[in-house]
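> Copied straight from TrEMBL:
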DOMAIN    24-132  domain 'Serine aminopeptidase S33'
BINDING   Phe30, Met99  substrate binding site
ACT_SITE  Ser98  active site, nucleophile
DOMAIN    158-225  domain 'Serine aminopeptidase S33'
ACT_SITE  Asp193  active site, charge relay system
ACT_SITE  His223  active site, charge relay system
Amino acid sequence: MKREHYNVIQGADSFYYSGNSTGVLICHGFNGTPQSVEEIGRKYADQGYTVYAPRLWGHGTSEHDMQNACYQDWLQSLSDGFHYLKRSCSDIFLVGQSMGGTLCLHTAAKLLQPNGLVLINAAINDVGYMDIKEAAEFIEEGSPDIKAPGVYEITYPKVPFTAVNELLSLMKKTSRCLKSIHCPVLLITSRIDHVVPPANSDYIFNSISSPVKERVILENSYHVASMDYDKEEIVQQSCNFFRRNAELQHV
């Protein structure tokens, strides 16, 4: 079994909140960590939900660990989290931001049967990395795309070119299986996103087979919306979605 060789950065590890029988599994994005979704996770827990946010393999340690990661490792991290919640929860919703949303889509299409998906600026077919044809071993990362000033997200200053290729492979494979998505889906999209263009959400909405699919547009946040001005809106809209669709499946 593969293992990481570097210690977890302080504040970057998985988190868990015990609550009721409805579980919320939150998946962070590429080069992010659970720290980027911890505030919304805590708010879900305040509403009574059982919440778990796993740290994806190779994230939150060193970019050299990430260099050894493949997208199947990230899918496995999410699958392990699902089964961990399944021990105590009868209903499970997946919440994914950016690549986390891609992983949630792939997981729902191929492996698991969640009660619903909440996708925050999910990436599927058009991201900035696609313009990179040839690169050095590592690609320098800019500042996280957050509109609110003074917000700190734990990320690597550079990411491996190999990991970027894994992300692009994941997006391509997930795009092919969107029609297999039948569970309820809530797409939350920042109107202005400098990393994942909003057209990604349009494509997902038009491609999935879910009879229940909803849209919410965030007017005052950029890509990392879970840490931005509209984070309370994300919590409110997704909690309403959880309640509606947990009830539907128990009618």
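Cβ from N, Cα, C; glycine included.
All annotation found in TrEMBL is predicted automatically rather than curated by experts.
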> For Asp193 (active site, charge relay system), which residues of its chain lie six or more apart in sequence with Cβ-Cβ distance below 8 Å?
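Long-range Cβ contacts: Asn121, Asp145, Tyr222, His223.
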> What is the Cβ neighbour count of Phe30 (substrate binding site) at a 10 Å cut-off, with all protein chains included?
27
> In whole Å, how far does the CA atom of Phe30 (substrate binding site) lie from that of Ser98 (active site, nucleophile)?
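About 7 Å separates the two Cα atoms.
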> By the DSSP assignment reduced to helix, strand and coil, which category contains Phe30 (substrate binding site)?
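In three-state terms, Phe30 (substrate binding site) counts as coil.
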> Sequence gap of 6 or more, C-beta under 8 Å: which same-chain residues meet both conditions with respect to Ser98 (active site, nucleophile)?
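Ser98 (active site, nucleophile) has long-range Cβ partners His28, Gly29, Phe30, Gly32, Ile120, Asn121, Ala122, Ala123, Val195, Val196, His223, Val224.
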> If I restrict to non-local contacts, at least six residues apart, and a C-beta distance under 8 angstroms, what lies near Met99 (substrate binding site) in its own chain?
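Long-range Cβ contacts: Gly29, Phe30, Trp74, Ala123, Leu167, Leu170.
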> Across the whole of the domain 'Serine aminopeptidase S33' (158-225), what does the mean pLDDT come to? Round it, please.
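Averaged over the domain 'Serine aminopeptidase S33' (158-225), per-residue pLDDT gives 97.
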> Counting across all protein chains shown, how many other Cβ atoms sit within 10 Å of the Cβ of His223 (active site, charge relay system)?
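Here the count is 24.
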> Could you count the residues of the domain 'Serine aminopeptidase S33' (158-225) that DSSP puts in helix, in strand and in coil?
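Each residue of the domain 'Serine aminopeptidase S33' (158-225) counted once, the result is 29 helix, 15 strand, 24 coil.
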> Give the helix, strand or coil assignment DSSP yields for Ser98 (active site, nucleophile).
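For Ser98 (active site, nucleophile) - judged by DSSP and reduced to three states - the answer is coil.
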